[in-house]
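The transmembrane segment feature in Swiss-Prot is assigned to 9-29, 41-61, 160-180, 196-216, 220-242, 251-275, 283-301. The domain 'Histidine kinase' annotation in Swiss-Prot covers 468-683. Annotation source Swiss-Prot lists phosphohistidine at His471, citing experimental evidence. As annotated by Swiss-Prot, domain 'Response regulatory' applies to 722-835, with the evidence given as sequence analysis. Among the features that Swiss-Prot reports, 4-aspartylphosphate is placed at Asp771.
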Amino acid sequence: MFDFSLEAIVYAKAITLLATVAVVMMWLFYYCYRLKQKNEVIFGTHHAAYIAYSVCIIAWISSNAYFHTDLLPELGASAGMFMAKFANLASFFAFAFAYYFSCQLAAEQRKGKVHRWQQGIFVSLTVYSLFINLRPGLTVEHVDIVGPSQFIIEFGPHTSYFFIGLVSFVVLTLVNLVAMRTNSSKLTLAKTNYMIAGILVFMLSTAVIHLGMTYFMGDFSLTWLPPALSISEMLFVGYALLTSRFYSVKYIAYLALSVLLVCAIFVLPLGAIFIPLTESNQWLIAIPICALIGITWQLLYKKTSRYASFLIYGDKKTPVQQILSLEEDFKLSIDDAMRRLGKLLQIPNDKLRLVTSNYNETFYEEYLSSNRSVLVFDELSEELEYKVSAKRSMKALYDKMSSNNTALVMPLFGQGKSVTHLLISPHKSNNQMFSNEEISAVQTLLTRVQSTIEADRRIRQSRALANSIAHEMRNPLAQVQLQFEALKQHIENHAPVEQITLDIENGQAAIQRGRQLIDIILREVSDSSPEHEPIAMTSIHKAVDQAVSHYGFENEKIIERIRLPQHTDFVAKLNETLFNFVIFNLIRNAIYYFDSYPDSQIEISTKTGPYENTLIFRDTGPGIDETISHKIFDDFFSYQKSGGSGLGLGYCQRVMRSFGGRIECKSKLGTFTEFHLYFPVVPNAPKADTLRTPYFNDWKQNKRSNEHKVAPNVQINNQSPTVLIVDDKEVQRALVQMYLNQLGVNSLQANNGENAVEVFKANHVDLILMDVQMPVMNGFDASQRIKELSPQTPIVALSGESGERELDMINKLMDGRLEKPTTLNALRHVLGNWLNKNTASSACEAERE
């Protein structure tokens, strides 16, 4: 009677094969579990073929393990012949289902069915294989047994045809997978590469050992190896089916080489000690050897992996290690670290961006927080292609990423698992996919530097606050200074009380504009959430009228260039204070270009819809380049405008979200810019007429400034020098012109660099006072052009810039610098330095007169 004990299977080869069976079974259970999680259909798809293939692999490995145990000699030749035929059929069906699996994949890719001729090959070879293996003497005639792992199988006359069938399946499977690569996406190529790699390892080892060594050479000592290596196909193919994110070939080669080097270090010396020992003593020494390997593995792996990295990448640090080493770089400079990260990821120059959670594409956050940790464009493409149910929910996201050339969106999570920043990357310059190791490394890096990034954001916020207030307050302060100078003149000339009162009122209005600017800037940089502010139903016409009427315009010329909505009113839920600041911000951005674009206007209109209503804020100024229009809602992003915080439009987006809506930008460079403010339709809302006051038809009259024209046209005195004043702000030009009038110097004006070059060409100019930051053409470019025309003409910067780069450019391209707003004494000093003595003396005489 047969007596089974565990000692019968305690052989290294048998244990290896049974361990492989355990791994394959666990993988198969995990695979089925993942399919259930994803609600995948199994029957009629490639999943059914893969599961059948996996079951056959388990049967094949188990049957091979039998030949390396004590069961082989104990049960005898008849049982050995049965297990040999069983192993034949198990291996055949593994190859057959692998082939059918590839047919099913190819059919799904072309959105069709498996070809009839492919089904015919599968059925015919299966029937033939069953026939020759079930009928005695056709494939296995006898098994000569010496002991475990020591046996010889005598093959039958049909064995060669049986192996030809197996080889045919191998070839046809590879043909199917290679054919799938034609006109495939990058993701499909990666999947097929993994499958081909797994199939090649398994099938080639099977072909070489089973065909070469057993059939032709009669050596059965290595028959355990192909079943053990079958795990490679299981894992490679299964991994490719379950995931859409893959490790690069180089990284896999690096890991494999590192492990092989460590194994070589252990095998060579320990093998010399272990092999000469008797079998009983081998088990005694095995325990301390295993302990030694466990203790020293990590240390040796760390040392040898450097050499593996050098052989694979040409550097002792892998790209993953180089990415993780950027942690210290982020602490020194986030911008520099981002540039280095982009270079490591092979992203085009400065295209890798780290934006705050106020980014325009809010649905990025919705997807990231709900069902995935990273958005990868190629993965979305595959989901849309193969999953009909996913098309509705992801088509808009796919289209947005496609239009913005976005390949990767990765979140940074703050407290409460809320998204604080987004890492947004375009496609790689080499058009390759992001590998799994790159994505994992970047995620780890961003997690480590999260606190650094948040601290940097707060520092930038503080700098933006200081810079913006300093820059924006120059114009109101210049206006106050201008009114004081006018007031001084009027007092000296004994002007009537009404005129003096008017000067004081104009000065007070300038101070009020300054206060309003400070309020706007403080709102922009505030961390307070707009969601906490109360909202109420109101007429959108009323809200716009009130916002515009409360804005502090510099003069009535600006007011005359604004058109308010007169038709299609609607009800919106909003907070009037917050809405006012949104309109203030849009007006401020638009009128910044009014001097340089004298024909530009602001037109505010409305449009209603079934689900949302729209307020359209349109200005016909310079427009915005389409390539950067999606960036304008990023924090700290500023376009052709100096001194701003870069936070205004991000603040507008936050406010609109708090109203349940959003703001989007549509622009055409050189033609117009439109901001569309979307408000959700208010259900059961009263008529808009009942929520509004009568139209502010007289708002322009209420806002008209009685501003004194302190800078009238001046008659040119040919005996006096001429100074060209270049500044995009009228109040700054008016102040300088007033001082020049007092000094008896002629003046010409230009509102941007391009205009300055034209005025210089048409007039004789002795000195130029040049602002630095202006639309159309900045002061640096204008100075360079003027110096090419007349190198001797002095150019003095009229600027409040204090940045190191700007000061270096001023020293390089200009002849001096004058603070803005300037003073009479400072201007007199500049005239004395740069105009000839006769000109300076005549100016002084004119002043004394």
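Yeah, the Cβs are placed from backbone N, Cα and C, and that goes for glycine too.
Keep in mind that what you see is a predicted model, and the values were worked out from it rather than measured.
If one looks beyond the transmembrane segment (41-61) by at least 6 residues along the same chain, the residues whose Cβ comes under 8 Å of a Cβ in the stretch are 17, 20-21, 24-25, 27-28, 31-32, 35, 86-87, 90-91, 93-94, 97-98, 100-101, 104-105, 108, 227-228, 230, 233-234, 237-238, 241. Using a 10 Å Cβ-Cβ cutoff, Asp771 (4-aspartylphosphate) registers 27 neighbours.
Non-local neighbours of the transmembrane segment (160-180) in the same chain are 88, 91-92, 95-96, 98-99, 101-103, 105-106, 109, 118, 121, 125, 128-129, 132-133, 139, 188, 192, 195-196, 199-200, 203, 206-207, 210-211, 215; each lies 6+ residues outside the stretch with a CB under 8 Å from one of its CB atoms. Broken down by DSSP into helix, strand and coil, the domain 'Response regulatory' (722-835) contains 55 helix, 21 strand, 38 coil. Per-residue confidence over the domain 'Histidine kinase' (468-683) averages 79 (mean pLDDT, predicted model).
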